Each structure stands twice: as structure tokens, then as C-alpha cells.
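Trainee: Pulled the feature table from TrEMBL, pasting it below:
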type	residues	note
BINDING	Glu76, Asp143, Ile145, Asp146, Asp277	Mg(2+) binding site
Amino acid sequence: MSNVLEILILASEKAARIARSCAGNNDSILIAEKSYDANPRFDKDFKTIADVLAQEAAKSLIVSYIPELKDYVRGEECSDIGGVTISLKETLQETIDLLKIILPEETAKCMAEAAHSDIKNMECETIPNLGSIDYSDLGVWIDPIDGTAEFIAGVRGEAKPGHGLQCVTVLIGAYKRSTGEPVIGVINQPFYNGGTGRVIWGISYGDIKLCSHEKSTSLPRKLILMSSAENENVINKFKDLGWEIQSVPGAGHKLLKVALGEATAYLVSKGTTFRWDTCGPHSILSSLGGDIINFTDFSLVKYNDPDHLDSQIYCNKHGIIAFLNQHVFEEIQQVLKEFI
């Protein structure tokens, strides 16, 4: 297999299957509080064993098809949880034995089976041929389970209406290491349609602009997604000008809603999103004529930072504005000038 888009889709589905293997089973989401890369937006930031195993399984699949990317497939999560370094082993039994160190045997078996499941014959729509891709210039960012708080609440049955598993996404994006430009993106919703799941992808590679979803031709609704912790003056300014403001969970979930035309834009003035949150969705938005830019100076968000993993380096520290239509961005830009 040489089609990098198809490989990223299959990797996202591998992560999605691991996430789904946890549904309804509280024992399968061993939770650890992050200390090394916690999101400053939260008093406490968490990861689960599903996050870690999903990331390692997705990385393993990508590298198995494209060995040249071995040192350039990176993700949000450190592979250590509960004092155990998680990896996808050569055999199912070896992965079960590893997970059994920190999980009950039955849940370890369930998660390992998802991680080792055969997805080569996964029914996908026809994937376009991208032609010759220079793998030596590609890097990949993975957010294995975006919306971990919603994932935990959903698995435990504690999610509020409109929250929980429906807000969980798997985000995978490829970018050019030479320029930092996002080029291929995949958003997988593992729990969409009662757990059937769905995949949205986009390509913005040179002259190739393709997306699995058609851009809406209707007039955009004046709806901006923001965090409830956003600058109150910014929120009130948009409201005064007739914009509707909504707060929904998950960076990937918000970005997907913009890509699908369900929201006009997503705005973050602070450094609370990261490269792994935005790389995949950025490519999808670009394929539809949209973009993600820095909040503070309206420059493009790029993804080719130094090679060592440091959450503060990979933070989108200047905030972001994600949009689908250029004229919408121009209107937002005029509103924000007094705050920048």
C-alpha cells in the first residue's frame, strides 16, 4: 500500500476501535493525571490507557507501511502510564500480557484484540490516488483520543446531555517538514451514529484540493465556537454585533463542526490547543478553502517545529482562528483588531 491518505485513515480506525473497545467497561480506562504536558486550560489534565495504546497502534501501522516516517510520526501522549511503557507488541498475546500488568485480564484482552484487529479489508469509499508523495518531507501528528474528559465521562455514563462520546475524535494530520504546511488530514468519530463511526478526510497538497465532504453552498450562519473561559470582552463584542456564541467540548469536535459548515468559526485567544489538535483538521479546512491562522497576528499556523517533543513548543501559543470561508475571516478580523 502506497497511498498515504488510506494509511492515515486505517491508522485512525485502529485508534477508533481501541476507543470503542472501552465503551461500557469502566475497568478499561485506567486514568493517569498528566504532569509533563498538561493543558493549561484545565486544573487537572488526564490521559487513559486507551489514549496511549491507540496512539502506539496508529503509529505502528503508519510506520509499517512508510518506514521513512519512523522518526516523524509523533503524538500527544507519552507512552508511559501507571509505571508501564505501553507499546503494540508483535503478537496479540504479548500485548495482552503487557496490558495485564495494569488492567484486569478480560479488559486487557478486549483492548489488545482491538489493537491487533485486521483493518486491511476495511470498507472505505474510493480513496483518490495522490500520485508521487515525497515521504522524506512528511511529518505526522496524532491525537489518539481528542476530548479525553468527554471520553472518560462517556465510558462511565456520567456525560452531560450534548457531551460525552459523541464529542470524541481521533485526529491525524500530515504536514510538509520543509514548510510546516498541513497537507493531509483525517478526523475519525468513533462513536458517531451509535458507534458505527465515520471518517472525514481532506487533502491540500499542491494543486490537489479534495475532501470527503462537500462544502456547504448555503450562506454561513453567524455562529462562533469559543470556550466558556474565553476573554469576556471578546465574547461580548461578537454578541453585540449579532453573532451567536456556543461552547461545545473538544478541539477536534469544534474544528469538525466548522469543516462541516455547522459553525462559522472556532476562536481561541489563548495557547490551549496544540499541533496534534489542529494539524489534521487544518488540512481538511484548507481543502475546502478555509484555514487556521494565529489569533494574535493572523499568520498561518505551521507544524514543523523542533524535533524534540515539548508541549510548550508544540502549543499553538498565539491562539487560533479556524474558518471555512475567507469573507467570514475578514469580518472576524475587523472585529478583533481592537483586541490585538
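Glycine too: its Cβ is placed from the backbone N, Cα and C atoms.
So that I understand the layout, could you describe where these features sit and how close they are to other parts?
Mentor: Neighbour list (Ile145 (Mg(2+) binding site), Cβ cut-off 8 Å, at least 6 residues apart, same chain): Ala15, Ala19, Thr48, Ala50, Asp51, Ala54, Phe151, Val168, Val170.
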Trainee: Among the binding-site residues listed here (Glu76, Asp143, Asp146, Asp277), identify the one with the smallest other-Cβ count within 10 Å.
Mentor: Glu76
Trainee: Around the Mg(2+) site formed by Glu76, Asp143, Ile145, Asp146, Asp277, which additional residues qualify by having Cβ within 8 Å of the site's Cβ center?
Mentor: Asp51, Gly75, Ile142, Pro144, Gly147, Thr148, Thr169, Val170, Leu171, Ala251, Gly252, Phe274, Trp276
